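Database features, via Swiss-Prot:
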- 1-25: region 'Disordered' (REGION)
- 1-18: compositional bias 'Basic residues' (COMPBIAS)
- 77-251: domain 'Helicase ATP-binding' (DOMAIN)
- Ala90, Lys91, Thr92, Gly93, Ser94, Gly95, Lys96, Thr97: ATP binding site (BINDING)
- 265-437: domain 'Helicase C-terminal' (DOMAIN)
- 488-525: region 'Disordered' (REGION)
- 493-502: compositional bias 'Basic and acidic residues' (COMPBIAS)
- 572-614: region 'Disordered' (REGION)
- 572-581: compositional bias 'Basic and acidic residues' (COMPBIAS)
- 649-752: region 'Disordered' (REGION)
- 660-671: compositional bias 'Basic and acidic residues' (COMPBIAS)
- 678-687: compositional bias 'Basic and acidic residues' (COMPBIAS)
- 709-738: compositional bias 'Basic and acidic residues' (COMPBIAS)
- 739-752: compositional bias 'Acidic residues' (COMPBIAS)
Amino acid sequence: MGKKQNNRKVVKSQRKSHREKEEETLAKLQERIDAYDPVVDEKSISQFSDLPISEETARGLKEASFASLTDIQKKTIPISLKGEDVMGTAKTGSGKTLAFLIPTIESLIRNKITEYDGLAALIISPTRELAVQIFEVLVKIGKHNNFSAGLVTGGKDVKYEKERVSKMNILVGTPGRISQHLNESVGMETSNLQVLVLDEADRCLDMGFKKQIDNILGHLPPTRQTLLFSATQSDSVKDLARLSLANPKRVGISSDQELSATPESLEQYYIKIPLDEKLDVLWSFIKSHLKSKILVFFSSSKQVQYAYETFRTLQPGISLLKLYGRHKQTSRMETTMKFSQAQHACLFATDIVARGLDFPAIDWVVQIDCPEDAATYVHRVGRAARFGRAGKSLMMLLPSEENGMLKRLNNNKIELKFMNIKQKNKKTIRPQLQSLCFQDPMIKNLGQRAFISYFRSVYVQKDKDIFKIDELPSDKFARSLGLPGAPKIKFKGGSDNKEKKNMSRQLAALSKSNNEGDVVPEEDKKVRTKYDRMFERKNQTILSDHYLNLTGSKADTAEKSDDDDEDFMAVKRQDHELRDDELPDLSIPVSKRSAKKALSKKASVAGKGNANKLKFDDDGVAHAIYELEDEEDFKKQGDARVQKDTFLNKETELMNNADIEDKLTAKEKRQEKKRKRKEMEKNMRQESDDEDENIQTVVSIGGDDIDLDRDLEHSSADEDVPEPKKPKWFDNDKNVNKDEDDGVVEYDEPQTLEDLEALTSKLLEH
C-alpha cells in the first residue's frame, strides 16, 4: 500500500509541474504578444521564428518548409494573435492561408482547448478543392498539437460526418454542409467557439451562400474572433463584415506598394482573334508549349467537355485534364492531385479553379473566353506567379470585346501587352473536328451543347459594353466546332440564369434532404397508359360543373347555409354592355330533336343548297369551273372569226400531238405483245425438247409375265390418248427393197416381245 501511495504522489507532482510549466510558457507567450507593436516591430519581423508563437507551431512550420513571411502575413498574424477581428485584403498567391491558420491554432493553444471542449474554430471556404487545400496545410503545420480537425464538404456521407463532427476542435468545410450540420447534427455545439474564419468571402456570396452564412452566424456566439479574407472588396463583403466583425482591423497592401491587383512577376498578354479561330489558336498554342504546365479557362462546363474530348482524340502530345463543377467529388480530387503533381500538363477548367487553389509551378494561364469582370480576371491569372514565382497569362479577346475589357482592366491598374500571332505557326483543326462530329454522335452533341452554353453565357453578362451577342458570328463559330449549322437557342431571364450559374448545386440538393441529411431522390415518372388517362378523366360534358354544384353533399349545403343570409339582396353583377363574345350562339340546337336533326347528314345538306366546285389560279384566287363571258368581254378579245380560227388551230395542234402520243403507245403495246408471244413459243420448244430427252427404251427378255409396274413408271402421266402404232418391219416393203438394193439390212428396234421373236426368225433366215 505504501508503494502505491508513493507512486500516486509522484505522478501527481509530475502532472502539477507539467501544468505549471505550460502555464508559464503560455504566460510568456502572452507577454510577447501584448508587447508587440505592429507599427514598430513590423519591419524587424521577416521569419516565422520571429513571431510570438508556440514551439509546436514553429516546429510544424519549419518541417513544412515555411520560413519567410509575406507582406500580408507580416501585417495580419501579429494583429490576429492579439485576438482582434481582421478584415484582410491582398492579391492572389500572397499567402492568406497561413495568415489565418497560424492565429487560429495559437488561439486554441492559449485558451487551453482540449478534445473534450468541442468545436473551437470554424473555417469556411467557398469550394471543396479550396477546403481540402486548407485542411492539408492545417495538418502539416499543426501535427505537433493535440487538436482534432475535420473536413466536411459536399459529396460525402452525411451520417458518417454526424457521428464524428461533435469530437472536432477545428472544422474546415463549405457553407452548405456546415449549415446543414448546425441544423441537424445533435452533438455539434458552438457555445465554446473561439475563432471564425471566412476565406474568399466575396466568392462565398457570389456563389449564393448568403443565406447559409447568415444561418451559420446565427448559431455562433457573439464573443468570438472573426477573420475575414478576400482578394477583392465588394459592397456585399463590406456588408458581411459590418454584420459579423466587431471593430475590425482592415489589413491590406497599400496602393503605394501595389500598382495592380496582379503579382509583379506575372507577364500578361492578350490577343485579338475572331470567334471561329479560338480552337485553332489554342491547339497551336498547346502544340508549341508541350514542355509547360498550362491552365485553360472556359466560360462553361460544356465547352470544357467538348474541348477535352476532341483534343484528347487528336492527341496533342501532352497530358490533358478537365475540372468543372458537375464532377463527382472523388473525380475532382483525383484531377486536382494529378495536375498538382504533374510537371507538364494542360488542365481545361471553369471558374471553379479560379479561387484560392494553389497549383505549383503553373507556367501559362490561358483564358479562351473573356472574363465577366476585372475581379474574375485577377483571380484567374492569380493561379500563376504565386509566392513570387514567374508566370505568364494570355487572354483571347474578340474584336467586339477588346475596347471594353481593356478599359475595365486599366481602371483597376492592370496593363496588358498585345501579342501578334504568326500565321505560319497557326494550325487549323477544323477538318478534324468536322470528321469527329460526323463519325461520333456524342462529340457532335457535345459541340452543340458547347455552342449553346457559350451564347447563353454571353447573354447573361451584365456588362453589355463588353459582351455584344448581336455581333457574334454564330454560323462561323458553329462550323469551327465541326457542326453542319448553328443550333437554335432559346434565351430566358438573364439575371435568373446568372444566379443559378453562380449558386452552388449542393444547396439545391440539401434543400431536398430529409431530417437525416440524406438527399431524397425524385420519384421516377411513371408511364401513363391510355387506360390510366381514361380512369383519371372527369366528366367532359358541358354540364359537369353545374351538375356537381347541383348534386353537392348535404354537409356542404349546411356549411353554406350560414353564408346565405349574408348574400341576401347582394349585388351579384351590375348592368353592363354585352360584348360580341358574350352573346349566345343561337344556331346551336337546344332540343334533342333539333340536335338529332343537326347530326343527320342528309338533313344538314338539304338546307345548304348545291355544292359549287371551284378552281384556283396561280395567285390563289378562286374561280368557278365553267365561267360564262358577257358579250362585251367577248368582243374585247377580237373578231369572232379570228377567235374561231385561233381556237381551231390550237385544238388541231393539241389533237395532232395527242395522236402522235397515241400511235407511240399503240406501237409499244404491239411490240410488247409480240415479244411476249415469242417468249412463250421459245419456252414451249424448250419444254418439248426436254420431254424428248427424257424418253427411255426398256426391253424385256424371257418369261411370260409382264412387269406392269415398271412399264407404268416409264409411261407419261400426261398422256391421255395413246400414240398410234408404228408399222411393223415386215409390213414395210420399202425397207425390204432398199435392203436388197444396198446389201445392207436395216431393222427397226423391237418394241415388244413379238417384235423380238420376229426379228430373231428373220435373222435366222438370212
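Glycine residues also receive a Cβ, built from the backbone N, Cα and C atoms like all the rest.
Within 10 Å of the C-beta atom of Ser94 (ATP binding site) sit 23 other C-beta atoms, taking all shown protein chains into account. Counting Cβ atoms from all protein chains shown, Gly95 (ATP binding site) has 19 others lying within 10 Å of its own Cβ. Same-chain residues at least 6 positions away in sequence with a Cβ under 8 Å from that of Lys96 (ATP binding site) are, in sequence order, Ile72, Gly88, Ala90, Asp199, Phe229. The residues of the compositional bias 'Basic and acidic residues' (660-671), classed with DSSP into helix (H, G, I), strand (E, B) and coil, number 12 helix, 0 strand, 0 coil. Across the domain 'Helicase C-terminal' (265-437), mean pLDDT in this model comes to 89.
Here the Cβ of Ala90 (ATP binding site) has 23 other Cβ atoms within 10 Å, regardless of which shown protein chain they belong to.
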